[in-house]
Amino acid sequence: PNLKVLENPYSPPYSMTDENGSVRGVMGDILNIITLQTGLNFSPITVSHNIHAGTQLSPGGWDIIPGAIYSEDRENNVLFAEAFITTPYVFVMQKAPDSEQTLKKGMKVAIPYYYELHSQLKEMYPEVEWIQVDNASAAFHKVKEGELDALVATQLNSRYMIDHYYPNELYHFLIPGVPNASLSFAFPRGEPELKDIINKALNAIPPSEVLRLTEKWIKMPNVTIDTWDLYSEQFYIVTTLSVLLVGSSLLWGFYLLRSVRRRKVIQGDLENQISFRKALSDSLPNPTYVVNWQGNVISHNSAFEHYFTADYYKNAMLPLENSDSPFKDVFSNAHEVTAETKENRTIYTQVFEIDNGIEKRCINHWHTLCNLPASDNAVYICGWQDITETRDLINALEVEKNKAIKATVAKSQFLATMSHEIRTPISSIMGFLELLSGSGLSKEQRVEAISLAYATGQSLLGLIGEILDVDKIESGNYQLQPQWVDIPTLVQNTCHSFGAIAASKSIALSCSSTFPEHYLVKIDPQAFKQVLSNLLSNALKFTTEGAVKITTSLGHIDDNHAVIKMTIMDSGSGLSQEEQQQLFKRYSQTSAGRQQTGSGLGLMICKELIKNMQGDLSLESHPGIGTTFTITIPVEISQQVATVEAKAEQPITLPEKLSILIADDHPTNRLLLKRQLNLLGYDVDEATDGVQALHKVSMQHYDLLITDVNMPNMDGFELTRKLREQNSSLPIWGLTANAQANEREKGLSCGMNLCLFKPLTLDVLKTHLSQLHQVAHIAPQYRHLDIEALKNNTANDLQLMQEILMTFQHETHKDLPAAFQALEAGDNRTFHQCIHRIHGAANILNLQKLINISHQLEITPVSDDSKPEILQLLNSVKEHIAELDQEIAVFCQKND
């Protein structure tokens, strides 16, 4: 008998066909053995996937399917002989250095649709995209080309394909958790006898022989697989589509050629009209353009293009409904206005802002509707005039007006706030002074009134200081001055300064630190102390009972950097969430704070100071429980031990018999300073402005000048500069009520030894006077006066010496101005007489420098060319006589 065998030639090494159409591979050899055993002959019928093809053929169209994979579902359609080959299922993937034996989310994995394993794998890998293919062998190439990420195949099939066709390109690994594939023979349901015959024949073949045949075909040299039948259908489809594409392209090209020729004819008719219209529109200085009903710019003049930058011109040519078009708002408005009135020729205008690629420009835009009867359409004829400069001028005027209004409102608000904050302590001081002026107070009451008035004045100074701190912080003029600081000591000392306040309110004030020993941090001590003092003062102010605790710690970052963490915790009234949000704003106070004294600036200053130190100030508070402020500041650290020797506090020693000149235009300030200096045992002379002070210094010797910086006629800065120009070594202290750093720098830069801030207390005066070199008993050094020659010429007669010096001083002050006037008037005779008199007086007193200068003036001929030189020499005489005046004043005062 001759049996029809369904043969899949694309499933090596199981089954293949040679050039004669004979069955080859493992199945071919087994069929040959069965032929020898039973005498059965087999005729191959080629299919691409045998098991499904067998079920689809008509009854009698086939007799046997070799290499069929057994499954329970298929037993409903075919009969299976006993399995004679068992092989695992594997995944086949591209080989790569980082290849992993697993499937990843999103992978494309192919599985032959005749594998019953599909549903099980889909449940095991739900995140994988499964693609069913007709033939496993054909899918190997798609995996290699990267069209697929993986392929499901049997191990024998994948081993053969990889070893023979894709070495070093593909690899396979077992699929865990799935049963092995059992290969057998399949028969139609109505052929149980054939099944029994084949089973007997298969049982007669030893398993070793089956294994030998399998190894033989796996190691067989490459066998050419003819895939024409597999791909012929696709080839015919692609060829047909290509022919259709070429044909349609030729037809389309012919159509386009006719269209181009027709268009050229029409274009020739329109060129004259277009040229005329363009010349007309380009001659207009303002931009104009035409927009069709759909919002496309169909024409414009050259002014339109030049209005935009090259890049932004592209946006201007977009459809007006496009969100990137600068005219989107213009078109929307125009459409709404004219959509219902197409016959209306009214010109509509409106002001818009558009972007020309450089900046926003303000334009007065106009448009009108133009109907096109031939096409039954309409277009907009549009244009605009740039009014940016006009608008900016109007806006600038409006802004300045608003600024003036806001400045007036801010000024009024500031004055109202400061009026209340300043008038309150001033009213208290005036009240205490009124009480002190009466006679009904006891000694204790007078002392108490004085103490309270002084404390109120100090609080007023603190308020002014806070206002200045806020101004410096907001203007960026607050300069931090970091130093190496022992933080635990600084915190402890600050805490001790508040001990009396805490004790008076029966509040437990504690200070603890976990700082490592011998560590210094680099920080501005004044700013840090100000923050701590403000927070500690607030904690004590709003705590009526309980405790205030301060803890300090240091968190290391590395060997040179760390973070200071400090908490100030109180058991006060606490804050609500609404109050916490307003707490760090200028002049803001809580409901409890408004019952206390204060400006509402302290916490704002703390916040800004911590911010300037690159730190953070946070707050945690609960009403009725208390408040905790936490400060964290990054700092540099050093393990260097501060070797500061404790010095016993030395009593302040004041110099004796100082002659002091005070210059101030305010009588009250002069009186207060004079009484303070008198109380310290010093004689004081007064001047009402810089001019009077300069004259007094020139006429008399002083050991110290204390001057106000703001005075009429000549302020303290100019007075200091003039004294330093005269080479005066007189110590000069400046006084100012403007407590700003630049005011101090200005004073020191012009030559002041100190620049102090008002009010000047007795303690401050004592401190600075104790540091002043005592000059009262030091013999004055005369740079120009020859006292020894004067003594010899007068037989050491002090009265005569004073008379000679005073006469010299009087005459030179008369001759020198006369010399200036004569030189200016061109009176050479009078000029030389004045210079000769000065020269003679200098010879009598042996004033060598004055002798040399006056001699040079006498021998220099007066002319227009020499006049600048003569003026320079006269100014030298003037400066020298001023220095002589000071020395004469010192001599006369010393010997008075």
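From the backbone N, Cα and C atoms, a Cβ is placed for every residue, glycine too.
As annotated by TrEMBL, transmembrane segment applies to 235-257.
Look at TrEMBL and you will find 417-637 tagged as domain 'Histidine kinase'.
Per TrEMBL, the feature domain 'Response regulatory' maps to 659-773.
Sequence-distant contacts (6 or more apart, same chain, Cβ under 8 Å) of Asp708 (4-aspartylphosphate) comprise Ala663, Asp664, Asp665, His666, Asn669, Gly716, Gly734, Leu735, Thr736. The feature 4-aspartylphosphate is assigned by TrEMBL to Asp708.
For the domain 'HPt' (797-888), the predicted model reports an average pLDDT of 87. The annotation domain 'HPt' is assigned in TrEMBL to 797-888.
With a cut-off of 8 Å between CB atoms and residues at least 6 apart in sequence, the same chain places Glu858 near His836 (phosphohistidine), listed in sequence order. Here TrEMBL flags His836 as phosphohistidine.
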- [ ] Determine how many residues of the domain 'HPt' (797-888) DSSP places in helix, in strand and in coil.
- [x] 80 helix, 0 strand, 12 coil
